[in-house]
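Annotation source TrEMBL lists domain 'Fibronectin type-III' at 38-127, 128-220. Look at TrEMBL and you will find 333-503 tagged as domain 'VWFA'.
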Amino acid sequence: MFEDESESDTLSALATTLMRTTQAPTTARPTTAAVRFGIRNLKIDDETTSSLHVSWLMNDANVREYIVSYITAYGDREEQKVVAGRENDIVLQSLLSDTEYKVTVTPMYFNGEGNPVSASGRTLPLSAPRNLRVSDEWYNKLRITWDPPPSSTMGYRIVYRPTSGTGPALEAFVGDDVNTILILNLLSGTEYNLKVLASYSTGFSDALTGVGKTLYLGVTNLSAYQVKMTSICSQWQLHRHATSYRIIIESLQDGSKQEAVLASGTSRHCFYELMPNSRYRITMYAQMQEAEGPGVSIVETTRQVTTAAPTRHPTPPPTSPAAREVCKSARADLVFLVDGSWSIGDDNFHKVTRFLYNTAGAMADIGPEGTQVGVAQYSDDARTEFKLNSHKNKAGSVISQVASKKMCSARRAIKHVREDIFTVESGMRKGVPRVLVVITDGRSQDETVTFANQMHLEGFSIFAIGVADADYSELVNIGSKPSERHVFFVDDFDMFKKIEDELVTFICETASASMSSVLYPERILDCL
C-alpha cells in the first residue's frame, strides 16, 4: 500500500505440503517476484472542441510503453494510441465536439501488461458567435457585425435569404480575424434572414441568427389620369434618392409593350398610340445608379372609340372685358397658337377660346396703335384664324367663334406663325415687342424646341402653357427665360382661370417693355 492508498501488483508464491509418508521436511528454492507499480493521478484537461490532453504519474522504469485507448460514451469504435514508456502524457486529436470520451491508460511490460486505469473527459462544443448587429442599411445593401466565440475558429460562414423564402440562400465566407461584412446586391425594401456560423476543423457551430431589412426604393402614389382612346398618362410621387425611373406599359390583350427611362425629376409620363377600349398595366421602377427597386403597377383601360366627331356649337359673343391697369400702356404684336386637335374635346375648346378672349380683352387698345392680336391653330396641318392686321378693335367676338380643326405639329405650327403671321404683310410692326402664346395638351412629335430657340434668338417672347398631358420639360425649352414668368402648367382646362391674372400681367409687362430692351431680327441682320 502506498501513501495515496493505491496498491502495487500482487506478489505470489507457490508451496506444497509434505505427504504423510515423508520422513523429513523438504525446503523449496527461494524465488524473487518483480514489483509492478500502478498508474496514479490520471487527468484529462485542456479540452478543446476537437482534442483532450491526457496525463498520468508512473514511477516504474520497467514500463516499456503505454496503450492509451479512448471511446465515446455512445460506444463507437475504440481508438488507440501508443506512448513511449518514458512519456506520461498525450493530446488526443480529431475528436468529436461536445462529446464525452472514456480514456483508458494501460502500462505494458516486456512480459505482459499492467493494471489499466480509466477516466472520462468531454470535448468543448463548437462555440457560436454572439451579439449579431445590423447597420448601414441602404437600398441594396446592409452590414452585419458579430462578437467572436471564446474558442479559436477557422473563419465564419454567412448565409442570407429573403424571409419570404423566394430565391436561393446565398453565402459568403470571411477569415477568423474578421467579424463584420457588408452584404451587397440585395433587393430593396426586402427583409432578410441572416445567419453567422463559426467554422472549425470538425464542422460548423450553431448559427447566430438575426433579421435585417433594406430600404425601400420605389415610387408611391402611382395613378393614371387623362385616360383617352389612344393614350394614358401616369403620375407618381418622386423618390428622394432615385437617379432615374423606368416605366413600362403592357397590353393585357396582346402583350405589346412600351418602355421609357425618365430623369430623376420627372413625376408624370404619357403613353400614346394605344388601342381603344383595351386594358393596360403600367409598371414603374425607381432606379438609383446600379440598383433598381421593385415594380409598382396599376391597371387602366383606354376609352371606347367614339362613332363621330363632336359637333361644335358657337358660343354667343360675350361683352368685351374692361382693360386692366397693367395693360394700359401695352403695345405689342401678340399671337395665340392653340392646339385644335380632337383630343381637347368640345367643352374644353370653348374654355380655351374663353381664355384667349379674356387675355386679349385685357388690352386697353386693340389695333395698329396698341396691341395687335393674331390667332392660329395646329394639330395635323397649319391654319391662320386671323392675322395681326385683321382687326382694329377688341377681338373678343372673333376669338370666341374660332372653331377647332385638326392642324399641324408644334414645330410646323410655330414655323407657320413665324412665316405667315409675324410678317410685315400680316401687320407686324417694327419697334414693338413680339409675343407668342403657345397652348397645348399633348407632346410634340418633331423638333419643336429647335425652332423655338431660333425665335428666342430673333427676339420673340414665347409663353408656353401646358395642360394635363403636356411634357413639362418640353414646355420649359419652348418658353422664354426665366421659366417662372414664361412657362405655365395646369392639370385641366378648368384651371385656366387660376393662371389668367398672372399670365395677363406678365404678357402686358412684356408688351409694355422699353423698345430698346427688345432685340429684333432686323437688328440682328444689321449686326451681321
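Along the chain as shown, residues are numbered 1 onward.
The backbone N, Cα and C atoms fix where each Cβ goes, and this holds for glycine too.
Nobody curates TrEMBL annotations by hand; they come from automatic prediction.
Shown for the domain 'Fibronectin type-III' (38-127): DSSP residue counts in helix, strand and coil, namely 0 helix, 48 strand, 42 coil. Across the domain 'Fibronectin type-III' (128-220), DSSP assigns 0 helix, 48 strand, 45 coil.
Across the domain 'Fibronectin type-III' (38-127), the prediction's mean pLDDT works out to 90.
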